[in-house]
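**Q** Encoded as structure tokens, here's the structure I'll be asking about.
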Amino acid sequence: MSPKKKAVVLLSGGLDSATTMAIAKAENYELYALTFQYGQRHAVELEAARRIAAALGAKEHLFISIDLRIIGGSALTGPFEVPKKQEGEETSAEIPVTYVPARNTIFLSYALAWAEVLQISEIFIGVNAVDYSGYPDCRPEYITAFEAMANLAIKAAVEGTMRVKIRTPLIDLSKADIIRKGMALSVDYGLTHSCYDPLPDGKPCGQCDSCHLRRKGFREAGFDDPAFSET
């Protein structure tokens, strides 16, 4: 019997990462979930990540703490206000203040290190270049560049015992398509959290970019969003 396939999966607790993890599970990977506590104001997503990992049967779930508040530069980790807008209001084409400097590079670097230790060649990340907020580290060319760097940077790749592959199953999907994919895989989106600036009780604000993208996706996919069923 051939050994079971294994994958490191970046799991934030949000809709995209939950769907990505469900896709990896459907492809019969043994799941090694990786979640970061980086000083984000929406720390409620950490508990969401814990619930998702348990529901999808992760073999291991590693939490890593990095205080990116020290660096600042983002509304998610600093004193800036998270932008709010009304339903139907256009999203700016500029990179928003919710961009966290080099976040995916930092996260993928930790994932790469853990994957090398575990001798796992595939890393799943739920980046999306269609319905997204303009983040530069969600683009296909960024992923291609990181993968090339990874295979120059680690001992296993240089020695030829492992070739790293960064898997991005959502990269070309709309938010509605992501939700349809997840529903087909029985993802419980009631476990997920997407809001950048949750209310004191942990419920979504309903006005940040992430809330708007999520609502729009569920509406276009033809499903009710459990995050807003009681808000």
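Including glycine, each Cβ sits where the backbone N, Cα and C put it.
For L11, S12, G13, G14, L15, D16, S17, A18, T19, T20, M21, the entry in Swiss-Prot reads ATP binding site. Residues or ranges marked as Zn(2+) binding site by Swiss-Prot on the basis of sequence analysis: C195, C205, C208, C211.
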**Q** I need the nearest neighbour of C211 (Zn(2+) binding site) among the binding-site residues L11, L15, S17, M21, using C-alpha distances.
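**A** That would be L15, the closest of L11, L15, S17, M21 to C211 (Zn(2+) binding site).
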**Q** Nearest to C205 (Zn(2+) binding site) in three-dimensional space, by Cα, is which of the binding-site residues L15, S17, T19?
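**A** Of the binding-site residues L15, S17, T19, L15 has its Cα closest to that of C205 (Zn(2+) binding site).
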**Q** With an 8 Å cut-off on Cβ-Cβ distance and a minimum sequence separation of at least 6, pull the same-chain contacts of L11 (ATP binding site), or say none.
**A** S17, A18, M21, A33, L34, T35, A49, I52, A53, A58, H61
**Q** Ranking the binding-site residues L15, C211 by other Cβ atoms within 10 Å, which is at the bottom?
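**A** Among the binding-site residues L15, C211, the lowest count of other Cβ atoms within 10 Å belongs to C211.
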**Q** Whole-number answer please: how many Å between the C-alpha atoms of G13 (ATP binding site) and C208 (Zn(2+) binding site)?
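**A** Distance (Cα to Cα, whole Å): 17 Å.
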**Q** Where does G13 (ATP binding site) sit by DSSP, helix, strand or coil?
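**A** Looking at the DSSP assignment, G13 (ATP binding site) belongs to neither helix nor strand, so coil.
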**Q** Between C195 (Zn(2+) binding site) and L15 (ATP binding site), how far is it from one CA atom to the other, in Å?
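**A** Checking the Cα atoms of C195 (Zn(2+) binding site) and L15 (ATP binding site) gives a distance of 10 Å.
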**Q** C195 (Zn(2+) binding site) has how many other Cβ neighbours within 10 Å of its own Cβ?
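**A** Taking every protein chain into account, the count is 24.
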**Q** Any idea what the Cα distance is from T19 (ATP binding site) over to C208 (Zn(2+) binding site), rounded to a whole Å?
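**A** Here the two Cα atoms lie 21 Å apart.
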**Q** Just counting, how many other CB atoms are there within 10 A of the CB of G13 (ATP binding site)?
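**A** Total other Cβ atoms inside 10 Å, all chains included: 23.
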**Q** Take the C-alpha atoms of L15 (ATP binding site) and C208 (Zn(2+) binding site) and report the distance between them in angstrom, rounded.
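**A** Taking the Cα atoms only, L15 (ATP binding site) lies 15 Å from C208 (Zn(2+) binding site).
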**Q** When you tally the Cβ atoms that lie within 10 Å of each candidate's Cβ, which of the binding-site residues (M21, C205, C208) has the highest tally?
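**A** The residue with the densest Cβ neighbourhood is M21.
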